[in-house]
Every structure is written in structure tokens, then in C-alpha cells.
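Undergrad: This is the structure, below, for whatever I ask next.
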């Protein structure tokens, strides 16, 4: 009797200590998935490094920039020199400062769009792959409908219909049109693991579907979600620039897209001011060139 009474209180601490161990194990598993995404994938490493550099430039733009990007600081189209290392624009603004501040605006739009897109992709992909049945049919149909329409032309049509739009509208447009491919990949992976032993064991133990999704399925999708997010951010930066070049964005905001728009408007290449067009174009090309998103798709 005494032994039974003494043994009961000890089960509580054991349970409490077991749960933190389980949580640490899952966190370690998540980091292992992220490491697996980068290991042996040089393009992904390069893409992550470039994004880190751009993020650093965006965060510390006030420190790194030498001039106010919105103000005229010199004569129009001054060639790169010691004072203006990347030259000036037709309106006499410092190109280097505009690139630094443009990274902040372009990255803000791209990261926000990536968060929206991957949130939708995870919700729709996991729900479709795990729940199955009618839910899978409806969500898969919705995904296929979005996949039918070419994304960039659809963005151009929507932006043209709305007129010159703000960064917020561009972010929403990119976010709600960039999720289908990610959702399809996540659905396939979810369907591949939903009949695994650890999922079946959790169901037999009476775990709720929400907890199974959060605690068992999502940790196994970390590398796919991270890769999809990285690819979406890279794509969104290019799409934002594309809309900016066409004059569909807010040309008064300093972004890489608006820089290309003004460089095109001022015919900088024809007048010999190649730096006004080349600098933001190279920034976009370098970012997209090292994305490593093909690893995620594969």
C-alpha cells in the first residue's frame, strides 16, 4: 500500500521531464532538416549567403548608405568615382545609396510575400495530403485552377487593372498567387508520410489531428518549407522588379524595380550611363542566380 502511494507522485515529474526531452528532440530534428537542405547543395548555400548579405544591407541601410536616396546630391549621370562609387542617376541621386535602401524595400515585399505564400501552401498542402477524401479533392482542384494561369502574366493583368499600386498591394498579389507549386509538393510529401508508423501510433493513442499535424507532420516538412520559402522570396524579388519596370508599382518608392523603371525611362544605356541600369540589374541577377530553389523542387 505504501509502495503504491509512494510510486504515484513520482510519475508526475517523470512525465514533466519526458516532455522537455521530446521537445528538444523535435527541435533538433528541425535543425537537422535545415542542415540537410544546405548540405551538399552549394547553390542553396550561396543563395542563403546572398540573402543574408542583402538582409544585412537592408537592416543597416542608414549606416551603410552615404547619402539620402531620395535627394539630389550631385549632377545628373556622374560616372562612378571615389565620392559616388556607383555613380548618380539622371536626377542626380546616389546609385549606391538607392541600391542599399532599395534592398530594404524589395526584400520587405519579397519576404512578406514569401510568408503569405508558404503559409497558404502549408495549410492547403498539409490539409489536402493528410485529411484526404473530399477535402483533398476540393483543395487539389483549387490548386490546379491556380496552376493553370501563368503567374507573371496574371500579376501584370491584375496590377494593370488596379493601376499603379503600392508595395502592400504588390505583396498581397505576389503572396496569393505564389503558393500553388509549394502546396503541391507539400501535399505529395504529406501523403507519403501520413501512413508511417509514427503517424499511425499517434492516431491510435487518440492524438487530435491538429496536434498530429503540428507535432508529427510539420517537423518532417521543414526542409521543403524552408526551400519553398527561399525560392518564393527570390521569385518575388524578381516579380516585384518586373512590375516596377513596367511602371505598375509605386515609382516614388526606392526599390530595385523603381530604379530599373527610372533607368529605362531616362534611356540610361543609350546616353552612356550604364551604371544606373546595370547596378540594380546585377543585384537582382546575383540574388536569383544562387537561390538553390531547384533543390526544393526536386
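Cβ atoms are placed via backbone N, Cα and C, with glycine included.
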Undergrad: For the transmembrane segment entry in TrEMBL, name the matching range from 217-238, 239-260, 261-282.
TA: 217-238
Undergrad: Out of 81-106, 107-132, let me know the one TrEMBL marks transmembrane segment.
TA: 107-132
